[in-house]
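A.B. asks: Before I ask anything, let me first share the structure, which is written out below as structure tokens.
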Amino acid sequence: MRNFCLTLLFFLLSLLFLNFVSSEDGDDPITCGTVLKLQNAADNIRLHSHEIKYGSGSGQQSVTGMTHSDDVNSHWQILGPVNQHCKRGTPIKCDDIIRLMHLQTRCFLHSHDFEAPLSKGNNEISCFGKEGESTDTGDHYKVICASDVWIEDEQVRFKHVETGNYLALSGQTYNRPISGQREVVGSPSAGYSAFWIAAEGVFVKN
């Protein structure tokens, strides 16, 4: 925990040194390099991960939904696709392909054809690979939005490129060892539970 706190402090100081600023008006574009929390539009739930692996399916690091807004395990950094450079501060356009890296464990939001652990008809969402090592296109998500670019206050969807499913909440809740956390899935439905909003974060500017 201490090492992570030092790493996060160094990261935030680096952003300050490079004259990156946080947004206050909510209508600025989301950009490459931004670190944020994603809140589900249907509920006060933030996309979350931790060093707890699934006991079934892929056995990879689990991804859940968390109610607490101050949990450090809910930070994700926006990066470009595998083998494509995404310059810090470049606005993310609608239909762009991105990866989301879990800031604390440095793995990537991932999906595949494994069945979700709790709900039926959905795919498992996991966190897989490592920064600087992953070349898995199962980490690719298309940003679905209504504007030319992804705007902070806009509700957006994330469509998994390989499966065609949407990042969503299933409505199911886990028991021990992650009691109360919500199931996050790859859903074939693009309904309201598949919409997300950029919540707290450090928003990188041009």
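Glycine too: its Cβ is placed from the backbone N, Cα and C atoms.
Among the features that TrEMBL reports, signal peptide is placed at 1-23. Sequence annotations record features per position, and here TrEMBL assigns domain 'MIR' to 27-81, 89-146, 146-201.
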A.B. asks: Find the average pLDDT over the domain 'MIR' (89-146) in the predicted model and report it.
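C.D. replies: Averaged over the domain 'MIR' (89-146), the predicted model reaches a pLDDT of 95.
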A.B. asks: Helix, strand, coil: count each for the residues of the domain 'MIR' (89-146), based on DSSP.
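C.D. replies: Its residues divide into 3 helix, 26 strand, 29 coil.
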A.B. asks: DSSP-wise, what's the residue breakdown of the domain 'MIR' (27-81) into helix, strand and coil?
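C.D. replies: Computed counts for the domain 'MIR' (27-81) are 3 helix, 26 strand, 26 coil.
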